Each structure stands twice: as C-alpha cells, then as structure tokens.
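Here is what Swiss-Prot says about this protein:
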COMPBIAS  9-19  compositional bias 'Low complexity'
CARBOHYD  Asn224  N-linked glycosylation site
CARBOHYD  Asn306  N-linked glycosylation site
REGION    1-22  region 'Disordered'
REGION    419-440  region 'Disordered'
TOPO_DOM  1-34  topological domain 'Cytoplasmic'
TOPO_DOM  56-66  topological domain 'Lumenal'
TOPO_DOM  88-104  topological domain 'Cytoplasmic'
TOPO_DOM  126-138  topological domain 'Lumenal'
TOPO_DOM  186-243  topological domain 'Lumenal'
TOPO_DOM  265-278  topological domain 'Cytoplasmic'
TOPO_DOM  300-318  topological domain 'Lumenal'
TOPO_DOM  340-345  topological domain 'Cytoplasmic'
TOPO_DOM  389-440  topological domain 'Cytoplasmic'
TRANSMEM  35-55  transmembrane segment
TRANSMEM  67-87  transmembrane segment
TRANSMEM  105-125  transmembrane segment
TRANSMEM  139-161  transmembrane segment
TRANSMEM  165-185  transmembrane segment
TRANSMEM  244-264  transmembrane segment
TRANSMEM  279-299  transmembrane segment
TRANSMEM  319-339  transmembrane segment
TRANSMEM  346-366  transmembrane segment
TRANSMEM  368-388  transmembrane segment
Amino acid sequence: MSFTMARYSSSSSSASSSSCGCCRPCSRICSRSSAYTLALGLGFVTLGTSRILLLKFSGNEENKYDYLPASVNLMAEAIKLVFCLVMSVRVIIREGRSFKDLGCSSGASFLSYLKWSVPAFLYFLDNLIIFYVIAYLQPAMAVLFSNIVIFTTAFLFRVVLKRRLSWVQWASLIILFLSIVSLTTGNGDQHAMAVHGLHPAHISTPSNSCLKYTHLHQVHQSHNESYWSRELWDSQLIHKLNSFGLGYVLLLLQCFISALANIYNEKILKEGEQLVESIFIQNSKLYLFGLVFNSLTLLLHADYRNLTLHCGILYGHNVFSVALGFVTAALGLSVAFILKFRDNMFHVLTGQITTVVVTALSFFLFDFQPSMDFFMQAPVVLLSIFIYHSSKMKDPEYALQQERLRVINGEVFERSRGDGEELERLTKANTESESEEESF
C-alpha cells in the first residue's frame, strides 16, 4: 500500500510538473499571440486610414485622377507578389520542399490553383471601385456608410461559412442599416470636394511621343461629333446618377464585393491542408491572379492601352499616388494576415476604428460640415456595432477552429520552419474527443 501511495505521489508530482511546464509555454504563446494581434490591428488601422487620405490627396483640382487608377492597383499587386515570392522561396529552402509547391504539377493541383482566381477578381473590383467612391463622396461619409459591410459579412457568414448569429446581433444589424440610411439622407455636405493646395506636380516628365499622342488624341476628340454627343450624354447620365446617389450605389456594391472576397479568401486559406500551409505561398498564388486581372484592364481598354504604351505606366502619377501604391500593398498583406490568423469579424471590428479616425480627420482636412443628423446618427452606428460584437453566440465549430489556430497565432513568424507538429497533435486530440462523444 505504501508502494502504491508512493507511486501515486510520484506520478502526481510528475503530472503537476509537466502541467506547469506546459502552462509556461502556453502563457508565452498567448502573450505572443496578443502582441501579434495588437500589431495587426494597429497596422491595419494605420494603413486603412492612410489609404483613404492618399486617395483624396492624389486627385487633381477637379476631384479627378490624372493617372489611371488601375495602374496603382497593378503597382500594389506587383509589390505584394514580389514580397510573397521572396518569402516563399525562403520558406521552401528552410523546409527543404520542392519549388513545385509554387506552381501546379497535376490537373488536381491546377484546379486547386484556380480557386485563388475568385478572390483575386473580387479584390480587383473592390480596389477599383474605391477610387470612384472617394471621387463622389466625402471620406467621412464613405467610411461611415461602408459599415454596412458588417451586414453583408454577417449575411454571407450565415450562408457561406454557416456561422450562427444571435437574435440580438440580427437586431443590431437592422439598427445599423437604418442608421446608415438615415445618415445618407441627411442635409449635410456629403459630396466630395477637391483638396486645395495639396496637388503636387507629376513625378515624371512626358516624353515627346507622349506629348504628340495626347495632342493628337485631343484634336481627334475635338473634331469627333460622336465623341462630344457621347460625352454630353455621359455627363447628363452621371449628373442624374449623382443626384440619385451614385456614390452610395457604388459603395453598397463595394461592401458586398469586399465581404464576399474576404469570406471566400478566409475559407480557402483555412480549409483542409491549407490551414498549416505558409501564408506566403498561398498569397503568391492570389497575387499572381491579381496581377493578371489588373494588367488586363490596361491591355483591353483601348485608351488605357495606347496611353500606357506612349506615356508609360507612371503617366500622371504624383508623390501621393505612388505612396498610395505601397500603402495599398501593405494593407492587402495585413488583411491576408488577419484572415489567416484571425477572422473576418476581427477585420470588420478594426475597420470601425478606421471609421472614427477618418471621420475625425475629415473635420480638419476636408472641410467636412456635417448636419445635426450626423451627430445624432453616428453614435447610433457605433453603438449598434458595439452591441453586435458584445452579444456573440457560441459556435462550437468556430471555437474549435480558433483553438487550432491559437498555436499558429502565437508562432506566426517562428512557424516558417513548417513543422506544424503542435497543430497536428491538437487536431488529433480534438478528433479523438469528437469520436468518443459520438460513440457515447
């Protein structure tokens, strides 16, 4: 009996010591995960705010763009692709893997590769629409109205990812929608105004062939009656659409496209074997398609193609537009990390901080003069967002996925070796517990 007690005490002490040993790395991982989460959130808010401001500053006196918006997106996609390819090569060399992982060596891998074309095309549309949204609306109204992305994200969460929402969350979404509609029908100065005094010169001087082409193009347009009739019809149509609220229609379309792109991207980032795959290898495939789609815009449009061939891709660009390309690239990378190691709701929540920052800056930078309705309805928008996030419904499947991702969150940068043993052990343990419950 004494032998039994001694064995029990020794096993208990060893178990307690092992549990303490497990707690220490766990707490270290959790603190590291919190630090990475805070860094992701701050980076996303800073980059999101900078992007909105640069979009506004890069316009001309007529609140239009001297450069082609597609060229900015093409520049951003190229920067992201080069960065992810360099990091992917680093990961492959460290893990001793084959470079075939960056391509497609079979029919099945080719079909899997094509999955990344869907979010790439949606992001292409999203990044293109935002230029015209900022041209039609004040930045403060644009970011406030873009909160409707919470509604579209929640709807797609339920349909695509089968996520559950409580009745309180649905009620808060309805309040959010009605508040945003009330904001858009207010009497404040909601339409965009050009920023005076912040229009720097172009970074490149047009060549002789460029000047000759633009001059001939203007002469051709001035003698083309069909062009003027088409321009008159377009201006009348745009005026009618603007009075109808074209900026809000475009922003509503962008909210749906953005939510769909982020949800589909999160789905393929985390499904099956992709959960433990390097984010740089995954994003290399995504940004390759993004580069193709943005290149097609410049190639298929006759005016864009001729202007790019004669004047170059940097024609009309200024310091703000070039900075916009780098900020857009960094913002896209931060969104990818959020979708991989957090989720869409964290992405949407941090976006609300961007809303507050941009709205505050609009008072000082863009002469934003809101009506009394704005001050009454804006707090309701933020309050409904708070109610939505404070009344989350427990979803066992989502909690299980977050538990599996917790190890990756804590070792987001150390994980480049790609062993993934802890994740496999955790997955195996969860699978065994599920099978025991089913048998019971």
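Cβ coordinates are placed from backbone N, Cα and C, and glycine is handled just like the others.
Beyond its flanks by at least six residues, the transmembrane segment (105-125) meets 73, 254, 257-258, 260-262, 264-265, 268, 282, 285-290, 292-294, 297, 332 of its own chain at Cβ-Cβ distances under 8 Å.
Relative to the transmembrane segment (368-388), the listed stretch 139-161 leads the set 35-55, 139-161, 244-264, 279-299, 319-339 in CB pairs under 8 A.
The recorded stretches the transmembrane segment (67-87) and the transmembrane segment (319-339) share 3+ CB pairs below 8 A when only pairs 6 or more apart in sequence are counted, and are therefore in contact. Neighbour count (other Cβ atoms within 10 Å of the Cβ, all protein chains): 12 for Asn306 (N-linked glycosylation site).
Sequence-remote contacts of a segment are chain residues at least 6 beyond its ends whose Cβ falls under 8 Å from one of its Cβ atoms, and for the topological domain 'Lumenal' (126-138) they are 52, 55-56, 59, 63-65, 69-70, 72-73, 76, 145, 189-193, 242, 246-248, 250-251, 253-254, 257-258, 261, 297, 328, 362, 366, 368. Each residue in the topological domain 'Lumenal' (126-138) gets a DSSP state, and the totals come to 11 helix, 1 strand, 1 coil. Across the topological domain 'Cytoplasmic' (340-345), DSSP helix (H, G, I), strand (E, B) and coil residues number 4 helix, 0 strand, 2 coil.
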